[in-house]
Amino acid sequence: IENGAVTSFHVMWGRKRKFPIDMAGFAINVDLIRSSNVNFNEKCERKTTLETCFLEQLNVSWSQLEPFGLTPGKKELTCLDCAEYELNNFDVTEIQEHVPKDLLLPWIYIITPTHHRLEQKADLTRLALTLRLVPNSHWIVVEDAEERSNVREWLMGARVRHTYLFHQKVTEKTNRTRLRGWRPRALAVDWLRNAQKAHATKGVIYFADDDNTYDDRLFNNYIRKVKRVGVWAVGLVGGALVEAPKVENGTVVGFHVIWAPHRQFPIDMAGFAVNLDLIRSSNVNFNENCEEKFTLETCFLEQLNITLSDMEPFQFVDGKKQWLIPVLLIPKPWLHPSLLFEHAMFVWFYVLGFFMERRPCYICSLIFFAAVAFLCYSDRDACVFWPGCTTDKNGEQCEYISR
């Protein structure tokens with residue numbers, strides 16, 4: 001951009017295209033569509049890309065393009081009621097949410113550790129879009145960073161009430177992964193506990209990793225109603241299609257899990273939330289001693305001095321099981337061959353009454369991660385999942401297999 005006009009494009013691929021731009025990088029006023037016959041067609045193949053084919057039909061030049069999001073030398077940023085301050089040597093930024101606050105609703109404090117990677121902003125954007133739909137929510141983002149990063153500036157435009165913290169990543173003495181992420185979570189809990197001393201509010205704390213996907217109903221229908229410790233089902237985690245609490249007569253008596261079922265609380269971080277009253281009345285937090293408890297979840301929950309019967313199960317709505325957290329965790333490549341049969345059996349049998357979406361193998365074969373095959377079925381297998389199935393994708397007869 002020079003003097004407010006588009007003069008070229010920063011791209012790597014196809015620089016010689018007349019309009020070297022991605023489909024997501026432009027929008028067109030509907031008046032231009034009405035006043036022309038512009039459309040995609042089979043002749044677009046000659047133009048190298050669909051984007052160039054479409055834009056050329058509009059008879060526009062680069063100078064007629066309107067650049068958004070950039071001013072000469074600066075990226076534009078929007079912020080609502082921003083305030084910055086320093087707290088205990090941590091750089092903090094807060095922003096008021098655009099969703100109207102209801103003073104009668106308990107607050108939900110969402111703690112999210114994050115670190116720099118190519119998909120970081122994309123993951124955070126997905127979570128931010130969900131949190132925009134959650135009134136009375138406060139997002140505490142803790143970044144592994146040597147210094148304040150541009151994540152802070154990104155958050156200021158996310159239109160979600162938030163607090164940004166960063167801390168210098170410490171190399172652990174051990175390579176074990178079960179302690180990974182305890183420091184940023186501990187920092188957030190400490191910050192929240194100190195903040196609550198000055199401004200005590202009713203609320204619930206929830207740990208939401210930035211690479212997971214959440215339904216806004218999880219926050220509004222489940223988390224906000226937690227009185228002590230709430231638990232629910234989580235999808236695609238720990239090598240299982242579903243992990244969920246075992247509930248008898250409305251009481252939690254155990255958990256349906258594959259990985260490390262011997263844990264006192266065999267539950268994923270996304271599968272529980274804790275009322276703030278329990279946090280205030282104890283010194284509960286994550287620490288380096290959590291390694292002795294095998295997982296961070298068990299370490300945290302054990303400090304609350306609760307039992308399974310103290311947990312509140314949330315998974316039934318209008319008599320139907322709900323699956324509100326489609327968390328995607330790719331199975332580890334070091335999965336031992338001896339466990340493959342066990343995992344395959346889990347795919348066949350244990351969906352615990354929850355709806356699970358499976359994909360035909362010919363689709364999964366297009367995906368780079370071979371481990372995704374755990375979620376696939378062959379054409380013949382389709383009859384197993386849907387007994388009404390009589391043909392495969394090619395219209396050929398599909399044999400029903402009873403299992």
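Even glycines carry a Cβ here, placed using N, Cα and C.
Annotated features, as they stand in TrEMBL:
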BINDING   D211  Mn(2+) binding site
SITE      E243  site 'Interaction with galactose moiety of substrate glycoprotein'
ACT_SITE  E297  active site, proton donor/acceptor
TRANSMEM  334-353  transmembrane segment
TRANSMEM  360-377  transmembrane segment
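Projection of TrEMBL feature records onto the structure.
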| residue | record | DSSP class |
| --- | --- | --- |
| D211 | Mn(2+) binding site | coil |
| E243 | site 'Interaction with galactose moiety of substrate glycoprotein' | strand |
| E297 | active site, proton donor/acceptor | helix |
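Cβ-based neighbour count (10 Å, all protein chains) for the residue listed as 'active site, proton donor/acceptor' stands at 23. When the recorded positions D211, E243 are compared by the number of other C-beta atoms lying within 10 angstroms of their own C-beta, D211 comes out lowest. Cα of the residue listed as 'Mn(2+) binding site' to Cα of E243 (site 'Interaction with galactose moiety of substrate glycoprotein'): a span of 18 Å.
Between the CA atoms of the residue listed as 'active site, proton donor/acceptor' and E243 (site 'Interaction with galactose moiety of substrate glycoprotein') there is a gap of 14 Å, rounded to the nearest whole number.
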